[in-house]
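Swiss-Prot has this to say about the protein:
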DOMAIN    31-196  domain 'FAD-binding PCMH-type'
ACT_SITE  R175  active site
ACT_SITE  S225  active site, proton donor
ACT_SITE  E295  active site
Amino acid sequence: MAEILVDKLKEILKEGKLYLNEPMKRHTSFKIGGPADVLAVPGSRDELINLIAYLRQEKIPFFILGNGTNLLVSEKGIRGVVVKLSSLRNVIVEGTKIIAEAGASLSYIANVALVHELTGFEFASGIPGTLGGAIVMNAGAYGSEMKDVVEKVEVLDENNNILILSNQEMKFSYRYSILQEKEWIVLRAWISLERGNYEEIKKKMEELNQRRKEKQPLDYPSAGSTFKRPPGYYAGKLIEDAGLKGYSIGGAKVSEKHSGFIINTGNATFYDVLNLIEYIQKVVKEKFGVELMPEIKIVGEK
């Protein structure tokens, strides 16, 4: 990356941080991924807005990163600038509403809700991502989704205007929102909850997290559920019924605890995971005629 660009980015990121040739495996739950040319961590909302405006003006490619919990990044890494939102994590409570920035983790928001005796967000307490990423993909668990609790979302559009989208305008559906079609960036969101009882909320969070521990391979790096649920089926059951439970390619393996997860057993490469995804898709299509679509996002130079 040209020195002049780095100097300009440093000028913009007075509170933030800048890393050159930063290995993405340090920033993804899969623990896989080569270097980002530049990793920028804006220190505030204004720094994020100014940074994005500059990158767009100079036509420098960029990629927005939350917690990296739903990503498979290639060993060749990501060209341009990876913008990590980890410092944008302010959360405030107004009555029964929580207003949270995009980089706030779902578990932290769930704990804020608990402390303020607000119910409705328990389902998200064990999802290991950030609010921004969860909204973009309408993340969900245990029968609830972001669309059930998100009242409105503030985004930065492609012309660097700030827009507020209602729940309806987000066009939420299963693992989908309108943001997947746009070059818009989540800044913050309003989460609408209900008054509840501290002990009951805590009990529900503990029960859901216990279920998660029992059923999911949390001891290994992964990116959560590998595939979206096909209509009328469960991806994990199809994979298991296809005889692929425990099947591995290199260091990538179909979890024996839950076949819907691909895990990194220690030294998996990008292509180990990619080849395993494609092999699972092929076998499930041949045996059951069902097309499995990846839920994880695949990024970087192939």
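Cβ coordinates come from backbone N, Cα and C, glycine included.
Here the active-site residues are R175, S225, E295, and the one with the most other Cβ atoms within 10 Å of its Cβ is S225. You'll find the Cα of E295 (active site) roughly 8 Å from the Cα of R175 (active site).
In this structure the alpha carbons, written CA, of S225 (active site, proton donor) and R175 (active site) are 12 Å apart. Secondary structure from DSSP puts S225 (active site, proton donor) in a beta strand.
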